[in-house]
Amino acid sequence: PGSMEAAGEEKAGNGRNGHAEGPAAAAAEERGGRGRLRGCWGFLRRNALVVLTVSGVVAGVALGAAVRGAALSRAQVAYLAFPGELLLRMLRMVILPLVVCSLVSGAASLDARSLGRLGGIAIAYFLGTTLLASGLAVALGFIIRPGAGASALNAPGLGLPGVAPTSKETVDSFLDLVRNLFPANLVAAAFRTYATDYIVLLRNTTSGNVTTEKIPVGTEIEGMNILGLVMFALVLGVALKKLGEEGEDLIRFFNSFNEATMVLVSWIMWYVPIGITFLVGSKIVEMEDIVLLVTSLGKYIFASILGHCIHGGIILPLIYFASTRQNPYRFLLGLITPFATAFATSSSSATLPSMIKCVEENNGVDKRISRFILPIGATVNMDGAAIFQCMAAVFIAQLNNVDLNAGQIFTILVTATASSVGAAGVPAGGVLTIAIILEAIGLPTNDLSLILAVDWIVDRTTTVVNVEGDALGAGILNYLNEKEKKEKEQDLKEVTVEAVANSKAEGETSPLVTHKTQVYNTASTADPESKESVL
């Protein structure tokens with residue numbers, strides 16, 4: 001009977017609990033719903049810029065497709081592109097102070113040993129990844145054969161007649177690269193670059209034949225000489241560090257200038273979604289006959305974009321994982337905004353401000369590392385451009401039914417890797433570099449108009465891969481720098497602990513007691529190694 005009563009009481013208690021749990025469960029569920037809403041709202045607030053930027057790209061495609069059927073005039077298309085043009089102008093406005101100030105403050109904040117070590121690793125990484133990219137492009141070119149059987153390439157409306165650059169000697173191209181490293185005028189370097197041009201002279205020989213002589217002449221062309229500014233800023237930073245106390249005021253000035261520039265960048269970033277919408281939309285409206293373009297050069301476009309996907313999606317993340325043992329895709333997830341900016345602007349220089357901001361805030365890269373490496377990477381590291389250039393060289397060779405031998409392939413790899421260093425970080429900056437490669441292997445440059453016809457498509461993925469390589473390089477260097485710091489701290493702790501332990505073993509509490517305890521402490525006299533370690 002007692003057990004039956006207990007069971008009855010338990011049932012009654014359960015019933016009361018059930019009545020009590022009903023409203024409590026509903027309240028808990030309501031609180032859970034509110035928590036989920038709050039979590040979603042918090043996520044949207046944290047990633048508002050990313051969501052808006054991606055929405056801007058989608059809205060731009062929709063805008064271009066909708067307006068494309070309206071048959072706008074060239075002037076109307078220019079008006080449509082105006083908000084996007086403003087974005088490009090604002091981004092280019094901050095490039096000069098950002099590059100100079102960040103490199104001066106970055107070089108001055110690192111000691112000479114760290115600067116040399118990080119610089120050496122960065123150069124090895126940049127050259128290694130660019131060489132890998134060139135090799136991948138040549139291999140894909142031989143596998144896919146984009147230039148074989150391209151029948152509609154002479155159709156009207158395809159290619160851009162009269163825009164192929166004048167042929168330039170390979171030696172002069174490399175000499176120009178070295179000349180631009182040392183600008184004669186720093187103020188002029190902010191908006192002009194040195195380039196070799198040619199004067200052709202006709203000469204009559206004694207036999208009556210006319211010969212031509214091509215004489216190189218130095219000229220200045222429009223465009224910022226970033227290579228020279230990077231070199232000057234690095235050397236100035238090292239010199240200020242060498243001055244010691246005398247250089248501290250100027251270092252603080254550049255640091256403050258740099259921080260103020262980053263504030264400007266954070267303001268400009270909120271205009272990016274609007275600018276991207278109109279940049280992408282106007283580009284789609286400008287396309288004349290996309291069907292003809294894709295059917296004729298589809299294999300070339302596919303091969304180039306496939307090379308970019310393999311290098312940016314597999315090879316670069318693998319290098320990052322092998323170096324850091326960390327998830328590369330989590331690192332890349334924090335860089336969606338700069339990738340969208342790179343896709344829309346096709347300019348790695350214009351993407352630099354947003355890349356520095358996102359790498360530091362989203363991925364926790366040390367400011368000294370990011371502001372030292374990223375400006376150099378935007379000038380020197382051009383993995384996507386190397387793929388695009390090598391693919392174009394193989395494509396034009398196949399178009400002209402030229403079988404490339406081993407020597408020509410080696411020349412393509414070396415020339416593409418070396419000349420991508422000086423390629424301008426602006427839209428269509430790599431086309432001139434293709435002319436250098438074609439001259440080096442003895443192919444005609446007339447077919448470059450075909451490359452220019454599809455450059456606006458391929459150049460977008462090219463820029464994304466370029467800036468991805470820079471960002472992952474900064475992440476690798478940041479990891480190696482932190483690892484070295486931890487090892488130094490660990491070594492210091494071990495030395496301190498060992499010294500304390502040995503001093504206790506010796507019984508040394510004070511200098512006055514030491515000489516008395518040594519007489520009676522037989523353990524310490526029998527252990528000369530411990531005495532040596534204490535000394």
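Note: Cβ is positioned from N, Cα and C throughout, glycine not excepted.
Taken from TrEMBL as is:
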type: REGION; residues: 1-30; note: region 'Disordered'
type: TRANSMEM; residues: 48-70; note: transmembrane segment
type: TRANSMEM; residues: 90-110; note: transmembrane segment
type: TRANSMEM; residues: 122-144; note: transmembrane segment
type: TRANSMEM; residues: 223-240; note: transmembrane segment
type: TRANSMEM; residues: 261-280; note: transmembrane segment
type: TRANSMEM; residues: 300-319; note: transmembrane segment
type: TRANSMEM; residues: 331-352; note: transmembrane segment
type: TRANSMEM; residues: 372-397; note: transmembrane segment
type: TRANSMEM; residues: 409-438; note: transmembrane segment
type: REGION; residues: 502-535; note: region 'Disordered'
type: COMPBIAS; residues: 511-527; note: compositional bias 'Polar residues'
Check for me, if you would, whether the transmembrane segment (122-144) reaches the transmembrane segment (331-352) - at least 3 Cβ pairs under 8 Å, residues 6 or more apart in sequence.
no
Would you say the transmembrane segment (372-397) and the transmembrane segment (223-240) are in contact under the rule of three or more C-beta pairs closer than 8 Å, pairs 6 or more apart in sequence?
yes
Count, for each of 48-70, 90-110, 300-319, 331-352, 372-397, the Cβ pairs lying under 8 Å from the transmembrane segment (261-280), and report the range with the highest count.
48-70
Who are the long-range neighbours of the transmembrane segment (372-397) in its own chain, taking Cβ under 8 Å and residues 6 or more past its ends?
98-99, 102-103, 106-107, 110, 118, 122-123, 125-126, 129-130, 132-134, 136-138, 140-142, 146-147, 226-227, 230, 233-234, 300, 303-304, 307-308, 311-312, 316, 348-349, 351-352, 355-356, 359, 403-404, 408, 412-413, 416-417, 419-421, 423, 425, 429-430, 433-434, 437-438, 441, 443-444, 447-448, 451, 458-459, 461-471, 473-474, 477
Please report, as numbers and ranges, the same-chain residues at least 6 past the borders of the transmembrane segment (331-352) whose CB is under 8 Å from any CB of it.
49-50, 53-54, 56-57, 60, 84, 87-88, 91-92, 95, 98-99, 224, 226, 269, 272, 275-276, 279-280, 317, 320, 358-359, 362-363, 374-375, 378, 382, 425-428, 456, 459-464, 466-468, 470-472, 475
Same-chain residues near the transmembrane segment (300-319), Cβ under 8 Å, at least 6 residues beyond its ends:
125, 129, 132-133, 136-137, 140-141, 144, 146-147, 150, 294, 328-329, 332, 383-384, 387-388, 391-392, 395, 454, 457-458, 461-462, 464-465, 468-469, 472, 476
